[in-house]
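What Swiss-Prot lists as domain 'FAD-binding PCMH-type' is 33-198, and the listing cites sequence analysis. Residues annotated as active site in Swiss-Prot: ARG177, GLU297. The active site, proton donor feature in Swiss-Prot is assigned to SER227; the stated evidence is sequence analysis.
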Amino acid sequence: MDKENLYQEFVALMGEEHVFLEEPMKKHTSFKIGGPADLLVMPRTVEEIRQSVEICKKSKTPYFVMGNGSNLLVRDKGMRCVVIKIAENFNEVRFEGNHVIVQTGILLSTLSNQIARACLKGFEFANGIPGTVGGAITMNAGAYGGEMKDVVKSCKVLNHQGEIIDLSLEELELDYRTSIIQEKGYIALEVVLALQEGKYEEIRSIIDDLTVKRTTKQPLHLPCAGSVFKRPPGYFAGKLIQDCNLKGFKIGGAQVSELHSGFIVNIDNASAADVLNLIAHIQKQVKEKFDVGLHNEVRVVGEV
């Protein structure tokens, strides 16, 4: 990779304040872990996203698309690619009756509050999920009985041919923590949500109740990446881990949360290796004790 030439190309496209060389990924993940990315860019428009991908393809440079890094563990050696971060630079919202049209870089909590103020209900579940709309639609994020497929009408994506296509709810194939976007490697650009009219006080009350539940049961005050494991059929990952007496168990700076065993927290400048070793230890213990396989919900990326 000719980093310097690529850097200049991206600066010409979006300005140097949105392009970063040798950028520490710990600054861009909720785990606060990760070595440097060769190049990280933060596009502001659909066209900048499309051209960013085009620059990478023309130069045969690998690229990786991320949101705000709330479900990401970047390995300690970092990422040998261009990281395209679709986050706070790409966050416009439009209201059209009961429909909300949103760019995918907006945070779920920010959007949830805007939707509440517009007196629309159905999106309360998303308020405390620490991610962007793009990440949420890509993995069909959900919590407390709600998930994205309950509220999504359609989604504009960038496909591998550089075309922007509209996918209906059916075409999105949203399932437990997966979608056609994830399977095909598309880039989510704009989501249309279909909601219902509601009363502000009732919507706010639901959001406040869920906030209390989250803050008392989840270690949101510490660097983490949410639930580390997908829910195994018929079980709860956190309960299995707790029943292996692993609550509070540490490897290096990484610890099984003392508040919720389904979370791993960075308590003392943990490395990615610490977290990966802890994940492997948890999986081994749960498999040996219960004969249940735990599979990662957190996405692990970067140079091995």
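A Cβ is built for glycine as well, from the same backbone N, Cα and C atoms used for every other residue.
This view paints the features noted in Swiss-Prot onto the structure.
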residue : record                    : DSSP (3 states)
ARG177  : active site               : coil
SER227  : active site, proton donor : strand
GLU297  : active site               : coil
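A straight line from the CA of SER227 (active site, proton donor) to the CA of ARG177 (active site) spans 12 Å.
Contacts of GLU297 (active site) defined by a Cβ separation under 8 A and a same-chain sequence distance of 6+ are given as ASN71, ARG177, GLY226, SER227, VAL228, PHE229, LYS230, in order along the sequence. Residue environment of ARG177 (active site) contains 18 other Cβ atoms, counted within 10 Å of its Cβ in all protein chains. Residue density at the residue listed as 'active site, proton donor': 20 other Cβ atoms are found within 10 A of its Cβ, drawing on all protein chains shown. For the domain 'FAD-binding PCMH-type' (33-198), the model's average pLDDT works out to 97.
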